[in-house]
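Participant: Pasting in a structure now, in structure tokens, and then I'll have a few things to ask.
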Amino acid sequence: MRVLSLGRWLRAGRVPPREPASRPSGHRHSGHRPQGPPQELPQGPSQVPPQKVSVEVLEHLEHLALVDFRDSEGVERLQKAIQFADQLHEVNTDGVEPMDSVLEDRCLYLREDDVTEGNCTKELLENARETVEEYFVAPPGNIPLVKLEGQKTFLQGSK
Amino acid sequence: MGARLLGHALRSQVSAALKEGRVTPTELCQRCLALIKSTKFLNAYITVTEETALKQAEESEKRRKRGQPLGILDGIPIAVKDNFNTAGIETTCASNMLKGYISPYNATVVQKLLDQGAVLLGKTNLDEFAMGSGSTDGVFGPVRNPWSYSKQYKEKSVPKSHSEDEEYNWVITGGSSGGSAAAVSSFTCFAALGSDTGGSTRNPAAHCGVVGLKPTYGLISRHGLIPLVNSMDVPGILTRCVDDAAVLLGSLAGHDPKDSTTIQDDFKPFELPDLPDVSKLSIGIPKEYHAPGLSSEILSLWSKAADLFKNAGAKVVEVSLPHTRYSIVCYHVLCTAEVASNMARFDGLEYGHRSDVKDSTESMYAATRREGFNDVVRGRILSGNYFLLKQNYEKYFVKAQKVRRLIANDFGKVFGSGVDILLTPTTLSDAVPYTEFIQEDNRTRSAQDDILTQAANMAGLPAINVPTALSERGLPVGLQFIGRSFQEKQLLTVAKWFEKQVQFPVIQLEEAERHDNGVFQHQKSASFS
């Protein structure tokens, strides 16, 4: 007994599927690989024209993230990521509230402000590489990243 | 074929065997450790905690001798993904950033397992910081799918010279909980913990032929799970049969005062009926899950599965989740944004890798992060920070949050219309060879592979992969069930019924057979055919 209504749409198929092996299968779909990227998968270019990210923004990002792009591939990756994300703008979200949490209908649990554990200074300091007595030791602060000699990021080097 | 000890189902067999004294916890532990050694080429484990495992097994044995086992898990060997904190044991997240980091505490789920006497064999391999869908991007190298070495796969491979075959034909486990899936699949443990943010438990479960459960967000504590996306992460459960997943769920679920995102409702552990009945249920088939690139094999299996339910008297209907195709884009923005925030804690000061650069705090931080993170992680941090820039916040981050609501609402509407469970494929195809997988970069792969699993994380719903059949290449293919929030009992009941119908074959692994040979004569396995 077949589920006809389901069978109809499941077997019709919108886009030619990828065949895993060359052996003839009993399935109705013939084996052939889709030509080029599938249309429905949101991976192609979006409707919004791709925006080029300015060098200022890239530098700002490196500074905020304290992570560098390393090379042009890194920058390209960001461009692609932005392009991919631009597809969100195809969706009509008028009157829709942003969702912070799937548990938004419940009250967040707050426990009593009582100390229930602690006294683990020694264990916590064990994992740090540089400590002095009970302090974590950091190099001098308040020195902006960009003013250091010899420490050029990829972007600065390419200017 | 005599049933193999290490291949036993947890609840119905090995636990009973321990109870009746037919095998001791120490013996069980030793066998698992030996098998881990001989399957080292799978690279499923980052750390094997041999000494502590044997000690735990010894303690379990003493308890059992006194007739005081802590429960069904007492003495059972398990493995834990290496992004869960484990006291006194290195926790690396497969990253240079945390190499050498010894956790000072146990994650709540780890503590719960240990409190019930489980024996922790080791920490399993993953994609770096759980970012990826192949378990190929960690610093300890890729995990190999045990099915690459199975009789079933080898028989279907194009014959080449033996060594060439294995070296170049091996397939990925999927990810990011690939190590855990491989560990369970290759019989080195009876259950393993994974994590699931976009499908990271269900994807490798499908490729490795094991059960992978993603619980409802808020059911199991995330305390001690190194976070990726706080609003979507959940600990995942990997086992060889659905009954075992129910056992693990029962041991782990429940409110944790240390994780305020766990719900406060009482959780009652449950046992699944021996003969589940699906005739009164409504099964939904979301048409958008017929995604481009879905292999015709999986399409056919999905269709057959729908027929199975219909023939059993269930109501099977086509449904629509119209925003499905935007789920992966939405995930991309929210994930990178939360990652950018979560990775900010790695600065070299309190723990983890620290660069030798001393000129300034910021330069030390930057160098530490450059040295500690791989390209995937760094790429996501940068993208995330971009979407969180003041000028982009509304346009991307808030927009994604709105789309998230639309996706969650889609599910709400479908479940509200009387559908109990959704049936979908888990992956687009069976596992691909490693050499093919690495042709595309991590982000592209994740975008492709997460498409069927991601939406459940968006909506916080429970979902499970059930191994269904072998593909033409002799590799596992699974199907996914998605349930209503906190209705794990119904979800697992349906999964168990389906599992019984499909009788997924046992992997025929030479190494496992060698370790288990003829020692344990037992009645026919309850869950395997």
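A Cβ is built for glycine as well, from the same backbone N, Cα and C atoms used for every other residue.
Automated prediction, rather than curation, is the source of TrEMBL annotations.
Just lifted these from TrEMBL, have a look:
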ACT_SITE  B:Lys81  active site, charge relay system
ACT_SITE  B:Ser176  active site, charge relay system
ACT_SITE  B:Ser200  active site, acyl-ester intermediate
DOMAIN    B:31-150  domain 'Amidase'
DOMAIN    B:172-492  domain 'Amidase'
Participant: Give me the DSSP three-state residue breakdown of the domain 'Amidase' (B:31-150), ordered helix, strand, coil.
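Facilitator: Across the domain 'Amidase' (B:31-150), DSSP assigns the residues as follows: 45 helix, 22 strand, 53 coil.
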Participant: How big is the gap, in Å, between the Cα of the residue listed as 'active site, acyl-ester intermediate' and that of B:Ser176 (active site, charge relay system), rounded to a whole number?
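Facilitator: A Cα-Cα distance of 5 Å.
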Participant: Sequence gap of 6 or more, C-beta under 8 Å: which same-chain residues meet both conditions with respect to B:Ser176 (active site, charge relay system)?
Facilitator: B:Leu126, B:Asp127, B:Ala130, B:Met131, B:Gly132, B:Ser133, B:Ser135, B:Ser195, B:Ser200, B:Pro204
Participant: If you count the other Cβ atoms within 10 Å of each Cβ, which of the active-site residues B:Lys81, B:Ser200 comes out on top?
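Facilitator: For the active-site residues B:Lys81, B:Ser200, the Cβ with the most other Cβ atoms within 10 Å is B:Ser200.
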Participant: Roughly where does the domain 'Amidase' (B:31-150) sit in mean pLDDT, to the nearest integer?
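Facilitator: Mean model confidence (pLDDT) across the domain 'Amidase' (B:31-150) is 96.
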